[in-house]
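Chemist: Found this in Swiss-Prot, in case it helps:
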MOD_RES   2  N-acetylalanine
CROSSLNK  70  SUMO2 cross-link
REGION    151-204  region 'Disordered'
REGION    153-206  region 'Interaction with PRMT1'
COMPBIAS  157-195  compositional bias 'Gly residues'
């Protein structure tokens, strides 16, 4: 047992080299290693890039890839028309022409913040994706709108009821949204619907000149291209005119 354990204890060879010198020599011997690793990585990258080049060359030689490259179109050709009308699509133009009549857009689309429809969701997204107020469509065959929600001022107390003259004084001045299918805004102050401040049953809509499809499309494009700040300023100016009437 002693003979077997002796080599573990007794050192056959000793040295006078200090630990500092020993580790310095070890460090010098290990210094070339990072260079070797770097060189080997470069070789691997070169091999991989060569493989990629060969693969790319093979792909270019394939008939299907060549046919696809020949059909490559420019950016404008792939995108097609870039005007507002092409991006909005026809359903929106049809809604604006058939339902609202073109001139009632500023108030209808922008949500009636004062004295307009309250409750449910805002009508701000009317023309950009449609609107459903508590399960009721905006227009049904051209009839007047009568949603089941309160108005901020006046309630549903339009002259002649919601089916004949609109939704009361609070909706859009003394006009309402009705008018027996003759347009969304039959009466109301000038500019936004009809002419003047008539108290009939949507007669203001009949006084409008007949607009062609191109004119309506141009009006819609011009309106949709306006910024939000510009539309807010228009609505504030209009509501400032209608507020004295709603307080009567």
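In case you wondered, yes, glycine gets a Cβ from its N, Cα and C as well.
I would like each feature placed in context: is it buried or exposed, what are its neighbours, and how far apart are things?
Modeler: Classification of residue 70 (SUMO2 cross-link) by DSSP places it within a helix. Listed in sequence order, there are no same-chain residues at least 6 apart in sequence whose CB falls under 8 Å from the CB of residue 70 (SUMO2 cross-link).
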